[in-house]
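Taken from TrEMBL, the feature domain 'GTP cyclohydrolase II' applies to 173-335. Sequence annotations record features per position, and here TrEMBL assigns GTP binding site to 215, 216, 217, 218, 219, 236, 258, 259, 260, 280, 315, 320. The Zn(2+) binding site annotation in TrEMBL covers 220, 231, 233. The active site, proton acceptor annotation in TrEMBL covers 292. Residues annotated as active site, nucleophile in TrEMBL: 294.
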Ligand SMILES: Nc1nc2c(ncn2[C@@H]2O[C@H](COP(=O)(O)OP(=O)(O)OP(=O)(O)O)[C@@H](O)[C@H]2O)c(=O)[nH]1
Ligand SMILES: [Zn+2]
């Protein structure tokens with residue numbers, strides 16, 4: 001069975017399928033369910049799935065915006081109406097036109113039976129960085145999936161597998177002199193689950209026996225690369241590296257968790273909603289996401305793997321401090337990082353302080 005796929009490998013295949021618009025199958029002892037991401041569904045595949053019990057699973061945040069009943073607490077199961085076509089589906093998943101077409105209901109929401117399968121379907125779609133909305137057809141007719149060669153996942157093992165801490169392996173490291181320091185070194189780490197690679201920029205040779213000046217920086221293409229004035233990421237990145245350069249030692253983790261973990265496409269959807277007047281937290285919620293979808297365990301794991309046990313953490317985000325503390329890193333000091341305030345990001349920073357607990 002050398003070529004038999006492990007669960008992690010199958011989950012990754014499923015993720016790629018969902019991005020392609022290909023359905024996947026979740027199977028358990030009581031039967032199977034077909035799952036397809038709303039964002040990438042095609043008209044013919046939606047028609048193939050059509051049945052009276054076809055459900056669109058969305059998170060409670062999206063349900064609140066749509067005024068649908070989240071009977072399952074954290075999610076709602078909306079029965080797909082018989083005339084609900086692709087444009088209905090897209091409008092349910094994507095809030096871009098909510099303001100132009102505010103009333104999409106009334107909706108019929110399922111409340112019988114369990115929602116575990118739907119919860120897992122949404123979690124899978126999220127990890128594919130698609131809009132968090134999934135079509136779920138339980139007990140599909142045999143003819144629909146037989147011979148279709150769809151990726152099949154054992155439903156019972158999925159929730160645990162998805163919640164597991166990402167294991168990262170070092171790939172390579174090489175010297176990289178940068179403006180902040182001649183003694184820079186970039187390390188590349190690759191997750192064993194086929195997900196995003198993450199990077200560590202080590203400045204100097206930090207003493208592993210002492211607290212290291214550290215930053216967990218989340219990727220921000222718009223801020224780090226383009227010099228966006230909507231956030232403070234670019235100046236924070238440069239200021240953190242500059243301080244490490246001045247002190248002669250430090251480590252900056254560049255975590256590929258763009259858009260607080262929702263991916264660049266979804267972040268730009270959030271920006272488009274911000275253009276309609278919503279703040280950064282409201283925009284995430286209207287899309288159906290939590291305000292922060294990042295897994296900070298990745299940063300903790302990387303620091304531990306690099307031999308660090310204590311940090312002086314450059315951040316204004318108390319959640320980062322708390323997460324490191326609970327995952328084996330002692331934060332001996334929080335070092336404030338307040339740079340890059342502009343007229344354009346004042347509201348964004350104020351929202352993070354008011355709603356996400358950021359320290360001023
Ligand atoms: N979803 C979403 N993500 C955003 C928005 N603005 C910036 N980001 C992302 O937010 C992340 C910024 O994270 P960090 O720089 O770690 O900031 P933080 O959590 O405020 O913590 P500190 O900077 O350490 O204080 C990056 O991944 C950005 O891409 C936004 O309006 N919506
Ligand atoms: Zn940014």
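From the backbone N, Cα and C atoms, a Cβ is placed for every residue, glycine too.
Please treat TrEMBL annotations as automatic predictions, because they have not gone through curation.
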Query = Going through the recorded positions 215, 220, 258, 260, 292 in sequence order, which have a CB under 6 Å from an atom of ligand 1?
reply = 220, 258, 260
Message = Given the recorded positions 231, 233, 292, 294, find the one whose Cα is closest in space to the Cα of residue 219 (GTP binding site).
response = 233
Cβ neighbours of residue 260 (GTP binding site) where a neighbour is any other Cβ within 10 Å = 20
Request  = From the binding-site residues listed here (215, 231, 233, 258, 315), select those whose CB sits under 6 A from an atom of ligand 2.
outcome  = 231, 233
Key: Collapsed DSSP category at residue 231 (Zn(2+) binding site)   = coil
Request  = Among the recorded positions listed here (258, 292), identify the one with the smallest other-Cβ count within 10 Å.
outcome  = 292
Message = On a C-alpha basis, identify the one among 215, 220, 233, 258, 315 that is nearest to residue 292 (active site, proton acceptor); the candidates are the binding-site residues.
response = 258
Query = Going by C-alpha positions, which of the recorded positions (220, 231, 233, 294) is nearest residue 260 (GTP binding site)?
reply = 294
Inquiry  = Just to confirm: which same-chain residues, 6+ apart in sequence, have a Cβ under 8 Å from the Cβ of residue 215 (GTP binding site)?
reply    = 236, 240, 250, 251, 252, 253, 313, 314, 315, 337
Key: residue 217 (GTP binding site): secondary structure state under DSSP, collapsed to three categories   = strand
Inquiry  = For the domain 'GTP cyclohydrolase II' (173-335), report the average pLDDT of the model, please.
reply    = 96
Query = Relative to the Cα of residue 294 (active site, nucleophile), which of the binding-site residues 220, 231, 258 has the closest Cα?
reply = 258
